[in-house]
Number of protein chains: 2
Amino acid sequence: MSERGLLIVLSGPSGVGKGTVRKAIFDSEENDFQYSISMTTRKMREGEVEGVDYYFRTKEEFEAMIEAGEMLEYAQYVGNYYGTPLSYVNQTLDKGKDVFLEIEVQGAEQVKEQVPDGVFIFLTPPDLAELKSRIVGRGTDDHEVIEERMRVAREEIEMMALYDYAVVNDEVPLAVKRIKEIIASEHFRVDRVIGNYIKMLKEM
Amino acid sequence: MSERGLLIVLSGPSGVGKGTVRKAIFDSEENDFQYSISMTTRKMREGEVEGVDYYFRTKEEFEAMIEAGEMLEYAQYVGNYYGTPLSYVNQTLDKGKDVFLEIEVQGAEQVKEQVPDGVFIFLTPPDLAELKSRIVGRGTDDHEVIEERMRVAREEIEMMALYDYAVVNDEVPLAVKRIKEIIASEHFRVDRVIGNYIKMLKEM
C-alpha cells in the first residue's frame, strides 16, 4: 500500500548527543529512511562535498528562500544560516520514504508548526531521568547551584512538552533501538493507515 | 521512575488469530506484562484451574459484579458471561506493570470508554491489507459475492477507527514483533512520562 513517508524529528537540549545518536542510527542495519541534508551559508571546508555534507548557498540565496517560504526550518549560528529546504523533504515523503531530521530545539519548534503530524522525538539527558539525585542528592552544594540546576531541568521539561516521545540517552545503542522502535510503531498508527483503506474501498 | 502500567488491548475481527498472537507474545522472550485472567460463568472443564484459566463464578455473582461496576468489560456468549474484572487490572497497573487484554471488539469498545489512554491495537486480517485483489482481483465472482466482501471490509475498517494501531497478522512472528515494538514505544510517549518529571520537580 502506498503511504506517505514520515517526517521524523530528533532534537533535544544542546550537548545531549543528538549527532552521535543520529550517526549511530544511520550506521545501523535496517534503517530505511533518508537523512535530510541541511543548507548553509558558511564556507565549504576542505573535503566537504556540495549536496552531501551540505547544500552550500550564498547569504542572498538563503534569504531569498526564507522569503519564498522554501525553508522548513532555519536558524542563524555564528553569523551563518543553517536550515532544511522544504522541497527535498516533501519530494522524499511523497515517494513514501521517511525523512529523518536531527536539529536544534528552535528548529524543531518551527517544523512542529508546519508539519504537526511529524514524529517528534526528544532526546533526554540521563541526568534529567535522575533529576532528584542530580539536583539535591549530594547535599553539599549551595542554594544557588541547586536553583540553577532546577532552572535548567525545568527548561528541559518545558521543551519536552512539545514532543511526542522522550527517549533517554543513557547508552547510545539503547537510544538507537528505542528510536527505531518508535519509528516502526508510528507506521502502524491507525490515523496514518486508515485513509489508505478508505481510499481503496472508494476506488473499487 | 515509578510510572503507572499501560493497559494494552489487542482485538480484531473474529477469526483473525488474536488468541494465537497473544499466546506467541506471552511465550516470547522479554515480555514484561501481565495477562489479565477473564471471569466466566461457564462450567470449569477438566484440567482447568481457578484463577489460571479463568475465574469461575456463578451467574448471580457475575451479575452482581456488573451491577456494582466491577467489570471492565463483559459479554454473553452461548448463554454464559465472559469478562474482565476491574480490580485486578487496576491493582496491576498501579504496581507499574502493563496489563495485556486480548478481547473481542465489543469488549474493546467498552474498555475504550472506561480507559481512553489504553493502547488499543487492532489485528488486521491479511486479506484486508490485500483488499483490492481479494475483492475484485479474480474477476470471476458475481456481483453479490463482491458486495458481501466489500461490506465485511467496510465493517472492519469502521472497527479499526476506534484503535490506536493497526497491525497486519500476515505472519504471527512479525505481528508479535510489531506489537512488542508498539508497547515499548508507548512507554516513551511524552504525555505518559512528563507528569513524573513535573512531580519530581515539585517534590524538591
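Glycine is treated like the rest: Cβ placed from N, Cα and C.
Taken straight from TrEMBL:
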- B:5-184: domain 'Guanylate kinase-like' (DOMAIN)
- B:Gly12, B:Pro13, B:Ser14, B:Gly15, B:Val16, B:Gly17, B:Lys18, B:Gly19: ATP binding site (BINDING)
Inset, instruction - Would you find the one among the binding-site residues B:Gly12, B:Pro13, B:Gly15, B:Gly19 whose Cβ has the most company, meaning other Cβ atoms within 10 Å? - result: B:Gly12
Legend entry - Three-state secondary structure, B:Gly19 (ATP binding site) (per DSSP): helix
Inset, instruction - Around the recorded ATP site, report the further residues of that chain (criterion: Cβ within 8 Å of the mean position of the Cβ atoms of B:Gly12, B:Pro13, B:Ser14, B:Gly15, B:Val16, B:Gly17, B:Lys18, B:Gly19; site residues excluded), sequence-ordered. - result: B:Leu123, B:Pro125, B:Asn169
Inset, instruction - Give the three-state DSSP assignment (helix, strand or coil) for B:Pro13 (ATP binding site). - result: coil
Inset, instruction - Could you please provide the mean pLDDT value for the domain 'Guanylate kinase-like' (B:5-184)? - result: 89
